[in-house]
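The substrate binding site feature in TrEMBL is assigned to MET47, ALA196. Annotation source TrEMBL lists ATP binding site at ARG122, THR168.
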Amino acid sequence: MSHITPAVIAVHAAVREQAPLVQCITNYVSMDLAANVLNAAGASPAMVHDPREAGEFAALAGAVVANIGTLSPRWVDGMLDSVEVARDANKPWVLDPVAVGATSYRRESVDRLLELDPTVIRGNASEVLTIATRTAGGKGVDSDASLDDVREHADALAKRTGSIVAVTGPEDYVTDGEREPIALRGGDPRMPLITALGCSLSALVGACVAAHDDAFEATTAALAMLSAAGEIAGASAEGPGSLRWRLLDELARLDAGGLAQHVGR
Ligand SMILES: Nc1ncnc2c1ncn2[C@@H]1O[C@H](COP(=O)(O)OP(=O)(O)O)[C@@H](O)[C@H]1O
Ligand SMILES: Cc1ncsc1CCOP(=O)(O)O
Ligand SMILES: [Mg+2]
């Protein structure tokens, strides 16, 4: 059992107990799966993005998730309003910089969001590399970098921004630039075939940081929950379609034993 396991189990239980309201300003592709992942984990999702109401809604939410997957000026305005309200109220918020290395509009938008002190930045290796090194890269929403390429950059980014940085892929990595980083293996190699699973994980990070004050532990717990559910689901899945629904079922019935078995490796 790893030293982080008791904290992960506590975060998992806290999400079920508190059922935090999570405001997701997330892309069209991901809305359905992200809401279902939050429901399965015991949280309460709300996809609210228009600038006419986004900031007002953020005042009600336990956490805000800003995801730039299908961004446009109005969506960016909604994100900025919401995360400003969250930050000013000391509420956690999560940045998912989808495909940030692809276009200058994405990079500029992420720069504006980074000024508002994200509690957690969760992305794949290419996305984190782009933010840390200010270079273009990635293959659209997919990564063409490895964790080895980005580990030290992720540590430095966390130190510089004060954010928890989570890099996901075949191996997940969580760093705050100070504590000993966490590396998690597991899941199923077919998980990247489920579109918007990374976005849904960022939403789950939102639920965990809403329910638990230590954002490093909360982020680790979210990653562990999805990996555990994915790995258990993968044992009987026949392809990405059945993996998707089985993963939701396994997330909904995940217990401390299943989690401990996963995190402890
Ligand atoms: N090859 C893999 N083997 C096992 N799990 C994976 C693999 N690739 C991604 N995952 C898992 O899929 C989830 C989404 O991560 P990722 O694919 O990196 O996000 P994104 O979709 O944003 O690129 C994470 O839980 C991650 O651990
Ligand atoms: C396919 C696609 N296109 C724009 S956003 C999006 C979803 C990306 O989701 P994820 O990063 O979780 O794979
Ligand atoms: Mg992604």
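Cβ coordinates are placed from backbone N, Cα and C, and glycine is handled just like the others.
Those TrEMBL annotations? Automatic predictions, nothing curated.
Distribution of TrEMBL features across the structure.
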residue	record	Cβ contacts under 8 Å, 6 or more apart
MET47	substrate binding site	CYS24, ILE25, THR26, MET31, ALA34, ALA35
ARG122	ATP binding site	VAL94, LEU95, ASP96, ALA166, THR168, GLY198, LEU201, SER202, VAL205, THR219
ALA196	substrate binding site	ASN27, VAL29, SER30, LEU33, ALA34, GLY69
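Around the Cβ of THR168 (ATP binding site), a 10 Å sphere holds 27 further Cβ atoms from the protein chains shown. Residues ALA196, taken from the binding-site residues MET47, ARG122, THR168, ALA196, are distinguished by a CB atom under 6 angstroms from ligand 2. Only THR168, of the binding-site residues MET47, ARG122, THR168, ALA196, place a Cβ under 6 Å from an atom of ligand 1.
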